[in-house]
């Protein structure tokens, strides 16, 4: 895609343009961000991608500074976190930024995925698959980080989640012992999790660059889901301004969590040191894993629950194959917009159910909303196909003037055709066209 040079160079000195275009390193950055051709109709939902980049930078910097003072040992990990909070200069702020930064990360990533589902961005399969890889890496990174404070919920959360490996046939128990480094969650487990937690962000950065590389190769999608090669504007200043506004809104909420209510999205049980002899009444993960946890516990069979839980996340890989519509964006599919919001509502409800005790009526509610979640994903391709059939304009009436009365006739005609009543539909349309 190309942007008119006269658009790029408005009020820009010639020397600056030449330097941006000739310096090899700067040219890469320039073509990727400054002069990047973007569709003219992108809305605020596209700002969540850049917010994810901001989240990643915040997590990398705060995590690096925290690692200076953290001690990965089962007898000292909890005390080292307390030391950071109480004795290190601005340590409380660093720790709150890192802990709440993960929540902000997932808020942005869920909004980013939702935008991709709504506007059909998943049809760029390479970009979508790298995005799903990143999502899974982020979930793994968040789980590993949750265990490091070695509080009561950290310890038992690690025990419950790692035990899921035991459902893998033949090799599950061996893998579990290898991950633990012993016969239970212990000091070796903590050291391994800390090492992986430190290394995984660099893998994530590599995947981010690949994600952006393939995205910029084809260009961004847009709310209408149509080709926009002839309607592009440079990223700067039009979308840098929008992204900066998104950063300001992000900063307000983020700093509220850091400075005013740091435990709003946390769990108070993690302020108790890990005790392997005392199991909490209700072991639960962080809020951003609650939907998967609710699906897990809604299945009475252990292995079945684990498989269904992983399927609820891995189904994102199947989304491009399930698209059956003629158009890309759900802007043209009112029926699918309803299905999409049912999906969002089921995820929010499952998140709430996951935070409730494991008793009735939450068990049956979890099963019902798990069914709704998977049903909405399976109904989406069917409803796309149905809507395309309903709105397809018959060629035999292409020359007929369109008015409100004819639209009503056409609707009845399409419904009759949909239910395979072809002869009745043709007679009905012929009779109405003569009126």
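We number each residue from 1, going along the chain as drawn.
For all residues, glycine too, the Cβ spot is worked out from N, Cα and C.
Feature transmembrane segment, per TrEMBL, maps to range 154-172 of the set 78-96, 97-115, 154-172. Checking TrEMBL for transmembrane segment across the ranges 227-243, 244-260, 261-277 points to 244-260. Of all ranges given (17-38, 193-214), TrEMBL attaches the label transmembrane segment to 193-214.
Matching 305-323, 400-418 against TrEMBL, the residues noted as transmembrane segment span 305-323.
The transmembrane segment (44-66) shares the most Cβ pairs under 8 Å with 244-260, out of the stretches 154-172, 244-260, 305-323, 335-355, 362-384.
Of all Cβ atoms in the shown protein chains, 16 besides its own fall within 10 Å of the Cβ of residue 216 (ubiquinone binding site).
For the domain 'Cytochrome b/b6 N-terminal region profile' (16-224), the model's average pLDDT works out to 91. Against the transmembrane segment (305-323), stretch 362-384 shows more Cβ pairs under 8 Å than any other of 127-148, 154-172, 244-260, 335-355, 362-384. Within the same chain, the transmembrane segment (193-214) stays apart from the transmembrane segment (335-355): fewer than three Cβ pairs sit under 8 Å, each pair at least 6 residues apart.
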